Amino acid sequence: MEKYIMSIDQGTTSSRAILFDKEGDIKGVAQREFKQYFPKSGWVEHDANEIWTSVLAVMTEVLNENEINADQIEGIGITNQRETTVIWDKNTGRPIYHAIVWQSRQTQSICHELKEQGHEETFRNKTGLLLDPYFAGTKVKWILDNVDGAREKAENGDLLFGTIDTWLVWKLSGGEAHITDYSNASRTLMYNIYDLQWDDELLDLLNVPKQLLPEVKESSEIYAHTKDYHFFGQEVPISGIAGDQQAALFGQACFERGDVKNTYGTGGFMLMNTGEEPVKSESGLLTTIAYGLDGKVNYALEGSIFVSGSAIQWLRDGLRIINSAPQSENYATRVDSTDNVYFVPAFVGLGTPYWDSEARGAIFGLSRGTEKEHFIRATLESLCYQTRDVMEAMSKDSKIEVNNLRVDGGAVKNNFIMQFQADIVNTAVERPEIQETTALGAAYLAGLAVGFWDSKDEIANRWQLETEFTPQMSEEDRTKLYKGWKKAVEATQVFKLED
């Protein structure tokens, strides 16, 4: 009877369950989208119970559709949208407020206040992160400050906080395990990535009671077992956890210092493994934990792009100038260039290296001759320019030149984007055979803990190249195009509307 690892990939817009066999090949996939809530401009929320029911649904579906029994599952790995924050009542199991999503800007005023009080460096020096609404800490404070009775309940020990991994493990284990892993803890603004513990000073600044917080574990170990009533009568080990971007780094077998991967999902995320030494950034990158394994912690530098694949979604759903995401490649290749049109997709601000949360999207260089093909091409190119911004910062901080870029995420299927990416960064872009690297990374972490796979070496040997895109553009063109992008970003940052 063949055995499998199940990966739960809980993302920003959907939950998926993916089965991997011993070869690391995909045996089955089930996916379910869930509702996005936008209560005010710039706010993004999810219903944590909807997330939970979507996860139960895909777990059931992937087994049923592929006629696999629950006793064929050796372990479960969880990878999750990071920073998204849930607080729930531990007695009733009910969330006290919607989950506040990583993209949400509703804690802007809290961040501003902490900066005004001069605390930015304190957070930076201990967590490797910036004081930005993106991270979980200010979201926790917001919920405690804004939900009636929440603070009192938290101080009495009746509430629990978790990122989505923590919430799912708590639910799957029937409330027995309140845990997270190093990679997720490192995204909270409350965890000291050098001392590897929740930081009392930061908790005081955010006014967050310590009893709210989960226990931090390695990224690969048996944390708990599923309750049999959640998993067809089986108690299956939950044995791997990593935030989505760290899971993708692991799934891309980026185990050596200097290895880099870039994910083109809803947002864009580049991570460089910096080994067992954290690298402090002078260029607006984040210092974060890649994973904890075998008693060691590996660190990473990370660049975050807030709008990547979601810009293509916007062309489809917002402007309705394409019918499907793949169609964007067709339109973009009908013209030789953007005809000097630049699009800066700063819908929710600009991430690395600018960290300008007040910037908003802008289009430059329009003329009477601009057609939709030019604009669609400019949108696709914007993903690549933002990636170069991050890559330059990364090389500068780490003093490591990036020689090849491993890529994953929905947009990598677009050959135009991949070729333009190679051209604009002047580096080979490697698209792997298995592009579900986030889910694969979680599966690898879970599988290592239960002996399904033996070692990182075995995993590294399984990585296979599908297509390599090599630079074709002249240095002159590359320099000119990128210079235009930098001007467009600069102009975007200047344009600010008063409240």
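Just so you know, glycine gets a Cβ as well, placed from its N, Cα and C.
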Task: Among Thr12, Thr333, Thr338, Thr370 - the residue Swiss-Prot places in the same sn-glycerol 3-phosphate site as Arg82, Glu83, Tyr134, Asp244 - done: Thr12
Task: For the glycerol site built from Arg82, Glu83, Tyr134, Asp244, Gln245, further residues of that chain with CB within 8 A of the site's CB center - done: Gln81, Thr84, Trp102, Arg187, Gly243, Phe269, Ser304
Task: Ser14, Arg82, Tyr134, Thr266, Gly309 screened against Gln245 (glycerol binding site), Cα within 10 Å - retained binding-site residues - done: Arg82
Task: Pairwise Cα distance for Tyr134 (sn-glycerol 3-phosphate binding site)/Ser14 (ATP binding site) [Å, integer] - done: 19
- [ ] List the Cα distance (Å, whole number) between Gln313 (ATP binding site) and Arg16 (ADP binding site).
- [x] 19
Open item on the list: Just to verify a number: CA distance, Thr266 (ADP binding site) to Asp244 (sn-glycerol 3-phosphate binding site), in angstrom, no decimals.
Closed with: 12
